[in-house]
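Engineer: My structure is below; once you've seen it, I'll send some questions.
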Amino acid sequence: MVYKRPLKCLRIVMANLVTVFVVMGIIVSGFRIGADGLNMNYYLFSCPFVESIVKDIVNRALEDDPSLAAPLLRMHFHDCFIQGCDGSILIDSTKGNKAEKDSPANLSLRGYEIIDDIKEELERQCPGVVSCADILALAARDAVFFAGGPVYDIPKGRKDGTRSKIEDTINLPSPNFNASDLIKMFAQHGFSAQEMVALSGAHTIGVARCSSFKNRLTKVDPNLNSEFANTLSRTCSAGDNAEQPFDETRDDFDNLYFDALVSGNGVLTSDQTLFTSPRTRNFVNSYAQNQALFFLDFQQAMVKMSLLDIKEGSKGQIRDNCRKIN
């Protein structure tokens, strides 16, 4: 497999070395891998090529458009925080139901066609076996890797949910949240403050739209670096949909997001608050100084997130088409 962009090989090799310890640590600490039917080798006999198919299609998509890594990762996050990791974010709206993906909080998500391509290929190889929820979790994992981030494994066996309603997206974190708001919301899903900061590091790839940070400019945010405020103002001069990268390497998964926060260059209120709050500042400093530590904590938090409120057995289904309920 050939990559068009360098993947910072040494960093990736180091991340690979710790992956086995991450998985072992998760098992030892009591996560329910296998307890509800999920396990690392769930498709070993029923669809043995699922991992390679997902990796190949995600890799080809990111070679064509590296900026797709961020929305794929965010799509998985937005899926898991609403009704659990059940692929509900993938469902299209119908005449009688407005679905999650049409919420203002999800309009910036892209890459649904990648999930469609993966599903179509898997249906050809092993029809009715692989859930859309698992496809999305695997695609997000591989997007992180192909963006230069850590490699990690996740248990498979999620079933697809049968509910997707726009009103449920009120439970997604707001870009205007402060650290206390974020800590409280993530705690409701079982995450510590440190895990919340590690997961926030997903903003090391991707962009924010002006509409999500322009409020910091009309009433000047004292926590915003004055020079960076000018940068954000120039971005917003192009309109609400103008995009601002979260850090200097928008398509590379690294720890520069945390460097930006230390410098007062956080794009969103919910970004910069992680450094200004004494409850989370030390975690930001640690990740800014130690990328390997960030990668390790991010791996663990992502595996934990992928297990949120999973559907098993009769509680879910295997959708024939990821965009609609069977």
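Every residue gets a Cβ built from N, Cα and C, even glycine.
Note that TrEMBL annotation is computational and uncurated.
What TrEMBL shows for this protein is this:
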ACT_SITE  His78  active site, proton acceptor
BINDING   Asp79, Gly84, Asp86, Ser88, Glu100  Ca(2+) 1 binding site
BINDING   Pro173  substrate binding site
BINDING   His203  heme b binding site
BINDING   Thr204, Asp247, Thr249, Asp254  Ca(2+) 2 binding site
DISULFID  Cys47-Cys126  disulfide bond
DISULFID  Cys80-Cys85  disulfide bond
DISULFID  Cys132-Cys322  disulfide bond
DISULFID  Cys210-Cys236  disulfide bond
DOMAIN    37-326  domain 'Plant heme peroxidase family profile'
SITE      Arg74  site 'Transition state stabilizer'
TRANSMEM  12-31  transmembrane segment
Engineer: Can you tell which of Cys80, Cys126 has the most other C-beta atoms within 10 Å, given these are the disulfide-bonded residues?
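Structural biologist: Of the disulfide-bonded residues Cys80, Cys126, the most buried by Cβ count within 10 Å is Cys80.
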Engineer: Looking only at Cys47, Cys132, the disulfide-bonded residues on record, which one has the least crowded Cβ, with the fewest other Cβ atoms within 10 Å?
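Structural biologist: Lowest Cβ count within 10 Å among the disulfide-bonded residues (Cys47, Cys132) is Cys47.
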Engineer: State the Cα to Cα distance, in Å, between Cys126 (disulfide bond) and Cys132 (disulfide bond), rounded to an integer.
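Structural biologist: For Cys126 (disulfide bond) versus Cys132 (disulfide bond), the Cα atoms are 13 Å apart.
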Engineer: Can you work out the mean pLDDT of the predicted model over the domain 'Plant heme peroxidase family profile' (37-326)?
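Structural biologist: Looking only at the domain 'Plant heme peroxidase family profile' (37-326), pLDDT averages out to 95.
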Engineer: May I ask for the distance between Gly84 (Ca(2+) 1 binding site) and Cys322 (disulfide bond), taken between their Cα atoms and rounded to an integer number of Å?
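Structural biologist: The separation of the Cα atoms works out to 16 Å.
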Engineer: Write out, in the order they occur in the sequence, the residues of the chain not among Asp79, Gly84, Asp86, Ser88, Glu100 that have a C-beta within 8 Å of the mean position of the C-beta atoms of the recorded Ca(2+) 1 site.
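Structural biologist: Nearby residues not in the site list: Cys80, Ile82, Gln83, Cys85, Gly87, Ile89, Ala133, Gly161, Arg163, Ser164.
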Engineer: Compare the C-alpha of Cys322 (disulfide bond) with the C-alpha of each of the binding-site residues Asp86, Asp247, Asp254, and give the closest one.
Structural biologist: Asp86
Engineer: Distance check, please: Cα of Thr249 (Ca(2+) 2 binding site) against Cα of Cys85 (disulfide bond), rounded to an integer number of angstrom.
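Structural biologist: Rounded to the nearest whole number, the Cα-Cα distance is 29 Å.
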Engineer: Fill in the CA-CA distance, Cys80 (disulfide bond) to Asp86 (Ca(2+) 1 binding site), as an integer in Å.
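Structural biologist: The separation of the Cα atoms works out to 7 Å.
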Engineer: Let me make sure I understand the structure: which of the binding-site residues listed (Ser88, Thr204, Thr249) has the fewest other Cβ atoms within 10 A of its Cβ?
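Structural biologist: Per-residue Cβ counts within 10 Å for the binding-site residues Ser88, Thr204, Thr249 bottom out at Thr249.
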Engineer: Counting Cβ neighbours within 10 Å across all chains shown, tell me which of the disulfide-bonded residues Cys236, Cys322 comes out on top.
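Structural biologist: Result of the Cβ crowding comparison: Cys322.
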Engineer: Between His78 (active site, proton acceptor) and Cys85 (disulfide bond), what C-alpha distance do you get in Å?
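Structural biologist: So the alpha carbons of His78 (active site, proton acceptor) and Cys85 (disulfide bond) sit roughly 9 Å from each other.
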